[in-house]
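**Q** Just passing along the structure, written as structure tokens.
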Amino acid sequence: MATPLFHGSIVALVTPMTHGEVNYEELKKLVEYHVQAGTHGIVSVGTTGESTTLSIDENVKVIKKTVEFADGRIPIIAGTGSNATSEAIILTKLLTNSGVAGCLSVVPYYNKPTQEGMYLHYKAIAESTDLPQILYNVPSRTGSDLKPETIGRLAEIPNIVGVKEATGDLTRLPLIKKLAGEDFIFLSGDDATGLESMKLGGQGVISVTNNVAAADMAKMCELALAGKFDEAEAINQRLMALHHDLFIEANPIPVKWAAYKLGLISEPNLRLPLTTLSESAQPTVLAALQKAGLI
């Protein structure tokens, strides 16, 4: 089977801010960091990119700027999810001719639709564009679980090409592959189980850890996809503390602080209601960076 466009280590990119406003010069530097490190793709304005506290205009501008800075060297996946189908369609249409390689759309959050509601939500979005669509299932945040059976139904829609599964439940992977087909792209949304998912046939991971360990994550995924699991595991174990401790507080709070400590961004700040990493949690994240050999 040919290597899919969406594979390997795909960073769920932070959105750098200075005094509460998006810092586009730093965004350009982050994109360059990932291009040079060998990152296989960038998700722009997903959960880690603070999508919920950016306006639609800001969402679109950040994504378009990310495409501009990447200049065709790395595929950009636009975060276009919403818990209102109409808004998700608007955002998707605004980006249809922007140069993005595809869209990542989170399961509608808070309003807790049924499986049929989720199916119709994604069907409507997919029918509004020719862009490839990646489903995003993260029940811990949305309050709703997109079941494998529903994913299988959605896989019949031509431009729904894959899923980001952030449940961490590896038993779902073979079932999703069975229901959706072997060509349906499975991307782990859980760094701690990302390598294990690739051992089971997953194609990669949409990673938070990648923000601060881009070269290591790219190498780990390349080794795993080549079947060199022992070598990949050695890297994975060195990063395991980061995989866990970057979630010591709600993402992206810890990873922005970690990126700040490494000098990748000039401020660790986020937009309210998210706040900077608490002082009590900072030693834990610092220790994880040290274990990973990044400091």
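Heads up, the Cβ atoms here are built off N, Cα and C, so glycines get one too.
As annotated in Swiss-Prot:
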- THR47: site 'Part of a proton relay during catalysis' (SITE)
- THR48, ILE206: pyruvate binding site (BINDING)
- TYR110: site 'Part of a proton relay during catalysis' (SITE)
- TYR136: active site, proton donor/acceptor (ACT_SITE)
- LYS164: active site, schiff-base intermediate with substrate (ACT_SITE)
**Q** Specify the secondary structure state of THR47 (site 'Part of a proton relay during catalysis') as given by DSSP, simplified to three classes.
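**A** DSSP call for THR47 (site 'Part of a proton relay during catalysis'): coil, neither helix nor strand.
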**Q** For ILE206 (pyruvate binding site), which residues in the same chain are close in space, meaning a Cβ under 8 Å from its Cβ, but six or more apart along the sequence?
**A** ILE10, VAL11, ALA12, VAL43, GLY46, LEU104, LYS164, LEU187, SER188, GLY189
**Q** Near THR47 (site 'Part of a proton relay during catalysis'), which residues of its own chain have a C-beta under 8 A away, given they sit six or more steps off in sequence?
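**A** Correct list: ALA12, GLY79, VAL106, VAL138, ARG141, ASN251, PRO252.
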**Q** Using DSSP with the three-state reduction, classify LYS164 (active site, schiff-base intermediate with substrate) as helix, strand or coil.
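**A** Where LYS164 (active site, schiff-base intermediate with substrate) sits, the three-state DSSP reduction gives strand.
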**Q** Non-local Cβ contacts of THR48 (pyruvate binding site) (under 8 Å, 6 or more apart, same chain)?
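**A** Counting only residues 6 or more apart in sequence, the Cβ neighbours of THR48 (pyruvate binding site) under 8 Å are ALA12, LEU13, VAL14, VAL208, ASN211, ASN251, PRO252, VAL255.
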**Q** Given a separation of at least six residues and a C-beta threshold under 8 Å, show me what packs close to TYR136 (active site, proton donor/acceptor) in the same chain.
**A** GLY46, GLY81, LEU104, SER105, VAL106, VAL107, VAL163, LYS164, ALA166, GLY189
**Q** Out of TYR110, LYS164, which has the highest number of nearby Cβ atoms, where nearby means within 10 Å of its Cβ, if these are the recorded positions?
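**A** Selected residue: LYS164.
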